[in-house]
Each structure stands twice: as structure tokens, then as C-alpha cells.
Amino acid sequence: MGNRVSREDFEWVYTDQPHATRRQEILAKYPEIKSLMKPDSNLIWIVIMMVLTQFVAFYLVKDLDWKWVLFWAYAFGSCVNHSMTLAIHEVSHNSAFGHYKAMWNRWFGIFANLPIGVPYSVSFKRYHMDHHRYLGADGIDVDIPTDFEGWFFCTTFRKFIWVILQPLFYAFRPLFINPKPISYLEIINTVIQITFDIVVYYVLGVKSLVYMLAASLFGLGLHPISGHFIAEHYMFLKGHETYSYYGPLNLLTFNVGYHNEHHDFPNIPGKSLPLVRKIAAEYYDNLPHYNSWIKVLYDFVTDDTISPYSRMKRHLKGNEVQE
């Protein structure tokens, strides 16, 4: 159903990603930006409150009719759980406790993972560092869709289904593109998460468990906040690899919309990225950006020139990939 997209392959490029060069230029001109490279202690308390909020929600939905369980999973839980994945993104950059307490960040990420229902935090950190270091690298950056995704999800209707199923593709794509040996922290993350899920089931019942899992599935699928998955790096304009979003949903997502700023300065917490843009305005104001993630989702589905193939991809230079 729907028109078939015109693109039949990724956009292969033979230049380095732009972020390292821009970072060097900005720091040379505005060295005061280095003062923003420090942890955000407020993140700790925000995450704790979000976790406790979902714990209360688990209790409140345990005796509701199923239709209301699913309603609140989408209307409320999805926003909290998607926001929590972006809190975990912040924690993966050591923004909670700083780089000198890296393990504190790993344990805190496992704690933040609890209301999501699926072990995620430790694996995300491992793959996300590759995404920054090797942006668009073939066989390394698992943020890039597989060839199957680009080939199959090539009509309006299929792209719509792809948007709904995004959490599943993000979960299983690493196994096909860049499988890594399981680490002991991933095992710990999994054991703690499964134990927590079992406790929720036995103490509160199946409805609370379904609410938790459905909130994650809904929030990471067809949801306004999920527009950031596509907005960040899908090539709506030829030659532009990363795009920022400056709309109101940044308030719920730890400023993940400031994505050019984030890739330029991954050591700066999300709360300070607007300051980066303000200080170095001439580097960002003229870059293409978005003001609506909902429009991004709509345009992705309906535009016949855009598909999962609409990503800039590059061959890895050299053979060494750092863990």
C-alpha cells in the first residue's frame, strides 16, 4: 500500500563526520564551553522521582479494567518510560556522577532501567559510544538500519509499520550488525531486571507488569517523542547528517533534541546544551533543524524520497574498533 520510495541504497559518503572538526573550531573560539563539561547532579533526583512515579503508577493500575491499563500505558506511562530511556542516555555519558565515578553511573543506569521492564541500560552504553565514535560506520553503528529494513519498508504503509516497530528493531538490530560478547554487567543488568519484573508480577499482578511493558513499547513506537529517532540523523536534506530539534518536547527528553550540539560535545549534559547553542550561535543557527517531531514522523511516512535507507553511511577507516 502507498507509493514506493525512490531510494534503493544508503547515502555512502567518503568524508569524516563533521562533529570533531566543529568541536575543535568552537573550543578554539569559545574555550569557556569547557566549563560546561561537568556532571548534572539534578539528573540524579529527577531519575529517582521518575522511578518512584512509575512505582506508584504500577500500584494504581493493578485493579483497573484492561482498557484503562492500556490507555494509561499510552497516555502516561509511555511518556515516562521514553523519557527514562533518554535519562539512561544521559547516564551513559556519565552525566549523573561524572567520569571519575563511571561505575556509579553504570549502577544508576541499572536502577533507572527498572520501570522500563527490559534490560537495556548497560548494552545501550556499549553501543552508544560506538555511535558517537564511529557515526555512520558500516557494521559498527547500530543506529543505522539494516539492509533488510531499507529494502522491505519501502512504501507508505510499510514505513508506518516500521515506525510502530522501532523498539523491536533497536533491540535486535545489534545482533545482526555488530554482535558483542556479553559482559558481566549486562548479565547483572538482566538478572536485576528479570527479578524486578517477577516481583512486580507476584506483588501487584499481571496488569501492572503489562502496563510497564506496554508503556515502553508504546512510548518507543508510534509516539510523538519517538520522532527524535528519525529527526536526529535521517537525511531529509542531502549532505546533512545530524539535525537538531528546538521544540517544547526537549523539556521531557533532557534536551536530546539539541543533537548537533550533543554530538559536538557529548561530555556536556543535556541541560547545558542550550548554552552551547547560545555561546556558539553562528555555528548552529544556520544548520537545518526541526520544531516538531510529529511533523518529522508524518513526513517520514508520507515522503516518497525518505525511507530507512535515508542515512549517511561510511566505511570504517582502519581495523581497530575501541570498546
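Numbering starts at 1 and runs along the chain as displayed.
The backbone N, Cα and C atoms fix where each Cβ goes, and this holds for glycine too.
The N-myristoyl glycine feature in Swiss-Prot is assigned to GLY2; the stated evidence is similarity to another entry. Marked as transmembrane segment by Swiss-Prot on the basis of sequence analysis: 41-61, 68-88, 102-122, 152-172, 184-204, 209-229. Taken from Swiss-Prot, the feature motif 'Histidine box-1' covers 89-93, and the record attributes it to a curator's inference. Annotation comment: Swiss-Prot describes 128-132 as motif 'Histidine box-2'. The motif 'Histidine box-3' annotation in Swiss-Prot covers 259-263. The phosphoserine annotation in Swiss-Prot covers SER307 and rests on similarity to another entry.
The DSSP breakdown of the motif 'Histidine box-2' (128-132) into helical (H, G, I), extended (E, B) and coil residues amounts to 5 helix, 0 strand, 0 coil. Across the motif 'Histidine box-3' (259-263), DSSP classifies residues as 5 helix, 0 strand, 0 coil. DSSP states for the motif 'Histidine box-1' (89-93), grouped as helix (H, G, I), strand (E, B) and coil, give 4 helix, 0 strand, 1 coil. With a cut-off of 8 Å between Cβ atoms, the residues of this chain six or more beyond the transmembrane segment (41-61) that come close are 68-69, 72-73, 76-77, 80-81, 83-84, 87, 90-91, 95-97, 108, 111-112, 114-115, 200, 204, 207-208, 211-212, 215, 254, 269, 271. Its own atom aside, the Cβ of SER307 (phosphoserine) has 27 Cβ atoms within 10 angstroms in the protein chains shown.
With a threshold of 8 Å between CB atoms, the same-chain residues lying at least 6 positions outside the transmembrane segment (152-172) that come near it are 1-5, 118, 145-146, 216-217, 220-222, 226, 229-230, 297, 300-302, 304, 307-308. Mean per-residue pLDDT, taken over the motif 'Histidine box-3' (259-263), amounts to 99.
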